[in-house]
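Participant: OK, Swiss-Prot features for this one:
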type	residues	note
DOMAIN	19-87	domain 'DRBM'
DOMAIN	93-204	domain 'HTH La-type RNA-binding'
REGION	505-542	region 'Disordered'
COMPBIAS	505-514	compositional bias 'Acidic residues'
REGION	571-596	region 'Disordered'
BINDING	Ser726, Asp745, Ser778, Ile779, Leu795	S-adenosyl-L-methionine binding site
BINDING	Glu796, Glu799, His800, His860	Mg(2+) binding site
REGION	837-856	region 'Disordered'
Amino acid sequence: MAGGGKHTPTPKAIIHQKFGAKASYTVEEVHDSSQSGCLGLAIPQKGPCLYRCHLQLPEFSVVSNVFKKKKDSEQSAAELALDKLGIRPQNDDLTVDEARDEIVGRIKYIFSDEFLSAEHPLGAHLRAALRRDGERCGSVPVSVIATVDAKINSRCKIINPSVESDPFLAISYVMKAAAKLADYIVASPHGLRRKNAYPSEIVEALATHVSDSLHSREVAAVYIPCIDEEVVELDTLYISSNRHYLDSIAERLGLKDGNQVMISRMFGKASCGSECRLYSEIPKKYLDNSSDASGTSNEDSSHIVKSRNARASYICGQDIHGDAILASVGYRWKSDDLDYDDVTVNSFYRICCGMSPNGIYKISRQAVIAAQLPFAFTTKSNWRGPLPREILGLFCHQHRLAEPILSSSTAPVKSLSDIFRSHKKLKVSGVDDANENLSRQKEDTPGLGHGFRCEVKIFTKSQDLVLECSPRKFYEKENDAIQNASLKALLWFSKFFADLDVDGEQSCDTDDDQDTKSSSPNVFAAPPILQKEHSSESKNTNVLSAEKRVQSITNGSVVSICYSLSLAVDPEYSSDGESPREDNESNEEMESEYSANCESSVELIESNEEIEFEVGTGSMNPHIESEVTQMTVGEYASFRMTPPDAAEALILAVGSDTVRIRSLLSERPCLNYNILLLGVKGPSEERMEAAFFKPPLSKQRVEYALKHIRESSASTLVDFGCGSGSLLDSLLDYPTSLQTIIGVDISPKGLARAAKMLHVKLNKEACNVKSATLYDGSILEFDSRLHDVDIGTCLEVIEHMEEDQACEFGEKVLSLFHPKLLIVSTPNYEFNTILQRSTPETQEENNSEPQLPKFRNHDHKFEWTREQFNQWASKLGKRHNYSVEFSGVGGSGEVEPGFASQIAIFRREASSVENVAESSMQPYKVIWEWKKEDVEKKKTDL
């Protein structure tokens with residue numbers, strides 16, 4: 001979407017704006033077995049997958065029809081829900097006068113006999129108001145009507161969009177509407193009640209349904225002082241079934257009654273998942289002149305600014321004045337019972353943490369101290385936690401921004417097949433420079449064919465542009481472009497939360513600042529700095545660990561660790577920061593005392609039995625990552641550091657005993673880290689190669705094989721270890737002399753994918769191929785049906801076997817299968833040093849022995865150097881009367897360390913081959929078979 005004009009919200013976006021996290025979508029797969037994805041496939045297969053969506057809202061649920069796409073089923077369910085709610089997307093087209101009239105009509109209906117027994121939360125408030133005593137009997141606080149009733153609140157926003165952030169405006173519009181119902185409604189300065197009493201039979205009937213389950217109850221809440229210097233404290237509310245809970249809250253705030261209490265929107269979550277609200281005093285300016293919310297004097301404005309509660313306003317996104325109480329208590333749909341949950345100081349800090357992109361990620365990973373929002377999205381398989389697009393949507397919802405608009409586009413990009421030719425020589429010592437140059441070129445022009453870009457635009461609810469993010473990079477997959485653009489936007493927003501988010505020295509992504517722009521720096525306001533509850537003296541991070549070693553785990557690896565973090569007072573320092581006195585006579589006594597003090601001054605704040613993260617993307621606390629990358633699997637490490645001031649809010653967000661943690665934070669504490677490295681998965685072979693080669697090595701290998709197929713005029717081809725059929729599928733994209741293609745593999749899943757791809761292409765495209773067959777079998781077994789073919793291929797397969805099995809395959813394929821031409825490729829182990837950057841400069845500085853590079857894939861059983869590969873192929877060819885030619889793809893054979901993927905071409909020299917009876921040995925099972933004559937016959941029959 002170009003420009004900043006209005007866009008029509010989708011049904012799902014409207015549901016999200018109305019209900020947020022309370023709207024739960026569950027999509028189920030519906031398989032259509034009546035249709036077949038691939039005729040002739042011997043493996044049991046599912047039909048096309050369809051989707052049905054179940055949408056659960058607080059008061060009801062709906063089920064969509066069946067659709068081919070998940071998103072269509074979700075939109076359908078949302079549309080059904082809107083119909084059931086009576087919400088019309090065109091409500092935004094209402095005029096201000098029409099909105100005012102609808103508020104009047106809605107208030108009249110709320111105080112009708114019919115609505116008194118409604119299952120709406122406001123109905124429960126009305127019934128509770130009838131149990132109030134004295135002049136308050138039947139009086140409903142005006143803030144309840146303005147906040148709890150969604151229809152009234154939405155109409156108030158039509159009158160003035162500022163209602164979104166200023167709830168007091170909604171109160172004024174409700175009071176103005178009530179003034180037009182003087183014959184029906186009695187309006188006090190703070191509440192509304194019906195002029196004529198409800199019929200006695202209705203009231204008596206309702207009285208019999210009052211729950212006795214809540215006689216009196218203490219509910220934990222959080223008291224947030226207006227003055228920033230004062231500490232946020234745990235508080236207690238006393239609520240009961242015979243008293244309106246707002247009167248109890250008013251009592252704690254020092255107010256006359258609940259009519260003077262302002263209620264915020266729902267936000268955040270308490271310990272058990274219930275959402276919270278803020279309760280505060282309606283500013284006197286509004287109490288004294290509630291019928292007119294405009295035209296404040298300078299004196300009034302000054303008072304309101306001074307009374308604004310910055311911390312409370314920040315966590316709910318609305319203007320809160322005076323002291324406030326954070327609580328989870330209120331009425332829900334379809335219930336007369338008061339719903340409540342304890343809210344702790346820990347809950348308050350978790351809500352604060354969850355307002356930022358980094359905090360959302362931390363909480364979702366259940367690692368508030370250890371985890372960090374990554375600064376790079378590499379692959380979906382390596383990403384842990386919610387995806388960037390999901391986090392961005394949640395962030396926008398929390399800050400009352402419109403749904404992000406993501407627009408993907410494709411564009412042709414030029415080839416980079418000559419990248420290596422531009423570098424005369426690649427040396428191990430020049431790895432970093434080479435990587436930097438190649439990476440820079442890769443970002444601008446990612447490869448042959450088409451690439452994807454994604455643009456993100458974020459608007460306010462009133463359609464003011466907040467952020468436009470247009471990354472220049474292209475990506476091979478559309479989802480990668482979407483996730484990277486979303487992450488860019490999140491990183492831009494993260495700059496506003498530096499004081500809340502940063503754990504020590506966190507790197508920032510500043511390479512693409514030119515990709516993002518904002519129409520005004522004031523559109524999105526930075527959050528208030530949380531008051532440092534202790535000394536504001538700067539704290540330097542000191543990691544006390546063993547001497548720094550060489551990094552042994554490469555970037556792109558996914559590691560699994562077990563860790564625990566504890567807060568402890570350093571026994572070497574007294575509370576005033578001075579070293580303890582030395583007294584030889586009392587050393588033993590002091591040592592015992594320090595040991596006891598240390599033991600009693602340790603608080604476990606966070607632990608995780610197993611968590612995974614990708615190295616080199618900033619997804620983990622830098623101190624943890626730095627230590628882990630120097631470890632080996634099974635190794636245990638521990639170290640300590642002094643937490644920076646910015647980490648105090650995070651520590652309070654995870655600690656269970658806030659009082660004790662605050663006490664420790666005042667005693668110059670340190671963070672004790674204990675880490676066990678459970679496992680390491682190296683960066684994927686595809687990713688490492690993609691960082692250096694465009695087009696990818698896999699495509700270069702296919703092109704190399706095609707060249708020899710054309711030169712040999714082969715008519716039959718067998719792909720040994722065909723996997724998902726990528727080579728066979730690619731062969732159909734080019735004109736060749738091939739008439740018969742065969743694939744062999746031991747993976748039924750891979751063969752099924754191959755069959756589906758080949759089935760589609762062979763039936764749609766005109767080509768010379770007359771037959772195609774896929775076999776389930778081991779290439780270590782001989783099958784006479786594959787004897788004496790024109791060409792055999794075995795690309796990047798043998799390294800997945802044991803080394804002796806690879807040698808066995810070589811013997812059998814040349815002695816029994818006896819192809820005229822055989823192409824075998826395997827990784828060049830010597831090239832791994834460049835791909836993995838496994839020789840950092842610090843090795844020379846530390847005079848340590850160079851580390852051996854790792855295999856390119858965790859599934860590889862071995863990888864050969866050029867010498868090993870040459871010896872294997874040469875001896876094999878000599879024994880079986882084959883000439884051998886060596887080549888490769890990726891890089892150059894004339895410079896060190898040779899080709900990235902080394903290739904041997906075996907050519908049969910003997911003109912005559914012994915005949916083998918076709919039925920003599922046939923261990924392979926036919927999984928799928930296609931014949932051109934069968935297809936043509938069916939067409940003729942039709």
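Count begins at 1; order follows the chain as displayed.
Note: Cβ is positioned from N, Cα and C throughout, glycine not excepted.
So that I understand the layout, could you describe where these features sit and how close they are to other parts?
Facilitator: According to DSSP, the domain 'HTH La-type RNA-binding' (93-204) comprises 71 helix, 9 strand, 32 coil.
The Cβ neighbour count for Leu795 (S-adenosyl-L-methionine binding site), using a 10 Å radius over every protein chain in view, is 24.
For Glu796 (Mg(2+) binding site), other Cβ atoms within 10 Å of its Cβ number 20.
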Participant: Rank the binding-site residues Asp745, Glu799 by the number of other Cβ atoms within 10 Å of each Cβ and report the first-ranked residue.
Facilitator: Asp745
Participant: Let's check the environment of Ser778 (S-adenosyl-L-methionine binding site): how many other CB atoms sit within 10 Å of its CB?
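Facilitator: For Ser778 (S-adenosyl-L-methionine binding site), the count of other Cβ atoms within 10 Å is 15.
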Participant: Under a criterion of Cβ-Cβ distance under 8 Å and sequence separation of at least 6, what residues of the same chain contact Ser726 (S-adenosyl-L-methionine binding site)?
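Facilitator: Counting only residues 6 or more apart in sequence, the Cβ neighbours of Ser726 (S-adenosyl-L-methionine binding site) under 8 Å are Ser698, Val702.
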Participant: Of His800, His860, the binding-site residues given in the record, which has the fewest other CB atoms within 10 A of its CB?
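Facilitator: Selected from the binding-site residues His800, His860 on minimum Cβ neighbours within 10 Å: His800.
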Participant: Can you give me the same-chain residues 6 or more apart in sequence from Ile779 (S-adenosyl-L-methionine binding site) with a CB-CB distance under 8 Å?
Facilitator: Phe720, Gly721, Val744, Cys794, Val797, Phe809, Val813
Participant: Quick one: mean pLDDT on the domain 'HTH La-type RNA-binding' (93-204)?
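Facilitator: The predicted confidence over the domain 'HTH La-type RNA-binding' (93-204), as a mean pLDDT, is 89.
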Participant: I need the neighbours of the Mg(2+) site defined by Glu796, Glu799, His800, His860. Which other residues of that chain put their C-beta within 8 angstroms of the C-beta centroid, in sequence order?
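Facilitator: In sequence order, the nearby non-listed residues are Val797, Ile798, Met801, Thr826, Pro827, Arg856, Asn857, Asp859, Lys861, Glu863.
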Participant: What span in Å does the S-adenosyl-L-methionine site cover, taken as the longest CA to CA distance among Ser726, Asp745, Ser778, Ile779, Leu795?
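Facilitator: For the residues that bind S-adenosyl-L-methionine, the greatest Cα distance is 18 Å.
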Participant: Using C-alpha atoms, which one of the binding-site residues Asp745, Ser778, Leu795 comes nearest to His860 (Mg(2+) binding site)?
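Facilitator: Out of the listed candidates, the nearest Cα belongs to Leu795.
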